[in-house]
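Accompanying notes for the structure given below.
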Amino acid sequence: MSRHLWKNQLSEMVQPSGGPAEDQDMLGEESSLGKPAMLHLPSEQGTPETLQRCLEENQELRDAIRQSNQMLRERCEELLHFQVSQREEKEFLMCKFQEARKLVERLSLEKLDLRRQREQALEDLEHLKKCQQQMAEDKASVKAQVTSLLGELQESQSRLEAATKERQTLEGRIRAVSEQVRQLESEREVLQQQHSVQVDQLRMQNQSVEAALRMERQAASEEKRKLAQLQAAYHQLFQDYDSHIKSSKGMQLEDLRQQLQQAEEALVAKQELIDKLKEEAEQHKIVMETVPVLKAQADIYKADFQAERHAREKLVERKELLQEQLEQLQREFNKLKVGCHESARIEDMRKRHVETSQPPLLPAPAHHSFHLALSNQRRSPPEEPPDFCCPKCQYQAPDMDTLQIHVMECIE
């Protein structure tokens, strides 16, 4: 209501003056307000010059009033435009305030989502640590099995050396028996009738020796079969261990890479959004200073931005920690591969030595088994000397001990 009355007063103020009567009234009012009544003269003293001067002054006053009315109209229009602009600016600020509130809510939801993702990443990390501990335990058990197999290999090699020495002893005895056979061949025809009983006894002893040799050969074949079973079990264990390590580490590395990539993409998108919002906040900083509510919301948004930056720094540190753990796992995996390759090389060397070795023979009495030794010497071809060769650098060793020492140094 007061605004309507004020507009009516303004419209009355800006109305143009009517005529001379109104001019005289205005002059009278001016004189009543304290101004000197210069034009209020008695009629008997009026002259044309005085009347002309009064008319000129009246015209000047009318022009001044018209100019003042024009200025009042312009000021009124400016005031109306200012009110409209203030109303539009208020609506614009309210719209921006609603947008900022929605944006803060959306950022809060994204913050909760990132917090859940971080918790999931922590759970995955705990699972990875447990898997790593399990792998370390499996590695220790496999190392213990490899150590036991190496001990069995060394024991087999020592047995092989003992059998080689026994074979050399038997060869010497065979040579001595051959000499005795040549000496006894000359006497055989003379003593054949006298020693028929002894020949029967020797034949029986020969049969017993052959039975003992067959039992020894069966025992040697059984040991070979057990050794082959151990080799097959070791090879299968190595394959299972290798496949288990490859599958588990491949899946873990792929999951870690995907999680890291997702976290990086989320951080990049969040940083772009934060930069964009920061630019908009800088642009509307002057406008927001006039509105206390928006200023409080901006302070809240700034606190959220600082929290998001702190969370982003923590995520970056977490990413670096995961990257270091990934590199450590890769180094351990490479060490395991190198150890497996070395074990495979030792196994190949052991297989070569087992294939080149011969089954041991039992020593037989010289005076009871010369017929059997002579027949074996005639049937069997001459044996080749053992090949003590390094499988890596082809080094020719004089004996098995030297070859073992060289192989360990060559592998290291």
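Indices start at 1 and increase along the chain as displayed.
Cβ atoms here come from the backbone N, Cα and C positions, even for glycine.
Straight from Swiss-Prot, the features:
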- 1-197: region 'Required for interaction with and ubiquitination by MARCHF2' (REGION)
- 1-48: region 'Disordered' (REGION)
- S31: phosphoserine (MOD_RES)
- S43: phosphoserine (MOD_RES)
- 44-111: region 'Interaction with CHUK/IKBKB' (REGION)
- 49-343: coiled coil (COILED)
- S68: phosphoserine (MOD_RES)
- S85: phosphoserine (MOD_RES)
- K111: ubiquitin cross-link (CROSSLNK)
- K139: ubiquitin cross-link (CROSSLNK)
- K143: ubiquitin cross-link (CROSSLNK)
- 150-250: region 'Interaction with TANK' (REGION)
- K226: ubiquitin cross-link (CROSSLNK)
- 242-343: region 'Ubiquitin-binding (UBAN)' (REGION)
- 246-358: region 'Self-association' (REGION)
- K246: ubiquitin cross-link (CROSSLNK)
- 249-412: region 'Required for interaction with TNFAIP3' (REGION)
- K270: ubiquitin cross-link (CROSSLNK)
- K270: SUMO cross-link (CROSSLNK)
- K276: ubiquitin cross-link (CROSSLNK)
- K278: ubiquitin cross-link (CROSSLNK)
- K285: ubiquitin cross-link (CROSSLNK)
- K295: ubiquitin cross-link (CROSSLNK)
- K302: SUMO cross-link (CROSSLNK)
- 315-336: region 'Leucine-zipper' (REGION)
- K319: ubiquitin cross-link (CROSSLNK)
- S369: phosphoserine (MOD_RES)
- 375-412: region 'Interaction with CYLD' (REGION)
- S380: phosphoserine (MOD_RES)
- 382-412: zinc finger (ZN_FING)
- C390, C393, H406, C410: Zn(2+) binding site (BINDING)
- K392: ubiquitin cross-link (CROSSLNK)
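Feature map: Swiss-Prot annotations on the structure.
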residue: S68; record: phosphoserine; Cβ within 10 Å: 12
residue: S85; record: phosphoserine; Cβ within 10 Å: 10
residue: K111; record: ubiquitin cross-link; Cβ within 10 Å: 15
residue: K139; record: ubiquitin cross-link; Cβ within 10 Å: 16
residue: K270; record: ubiquitin cross-link; Cβ within 10 Å: 19
residue: K278; record: ubiquitin cross-link; Cβ within 10 Å: 13
residue: K302; record: SUMO cross-link; Cβ within 10 Å: 12
residue: K319; record: ubiquitin cross-link; Cβ within 10 Å: 16
residue: K392; record: ubiquitin cross-link; Cβ within 10 Å: 13
residue: H406; record: Zn(2+) binding site; Cβ within 10 Å: 17
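Apart from C390, C393, H406, C410, the residues listed for Zn(2+), the same chain places the Cβ atoms of P391, K392, Q394, Y395, L403, V407, E409 within 8 Å of the centroid of those Cβ atoms.
Under the DSSP three-state reduction, K276 (ubiquitin cross-link) is assigned to helix. Of all the Cβ atoms in the protein chains shown, 12 others lie within 10 Å of the Cβ of K143 (ubiquitin cross-link).
Using a 10 angstroms CA-CA radius around K111 (ubiquitin cross-link), none of the recorded positions in K139, K226, C410 qualify. Listed as Cβ neighbours of the region 'Leucine-zipper' (315-336) (distance under 8 Å, sequence separation of 6 or more from its ends, same chain) are residues 114, 118, 121, 125, 128, 132, 139, 245, 249, 252-253, 256, 259-260, 263-264, 267.
The DSSP secondary structure for S85 (phosphoserine) is helix. Take the CB of C410 (Zn(2+) binding site) and look out to 10 A: across all protein chains shown you find 13 other CB atoms. As a whole-number mean, the pLDDT of the region 'Interaction with TANK' (150-250) in this prediction is 77.
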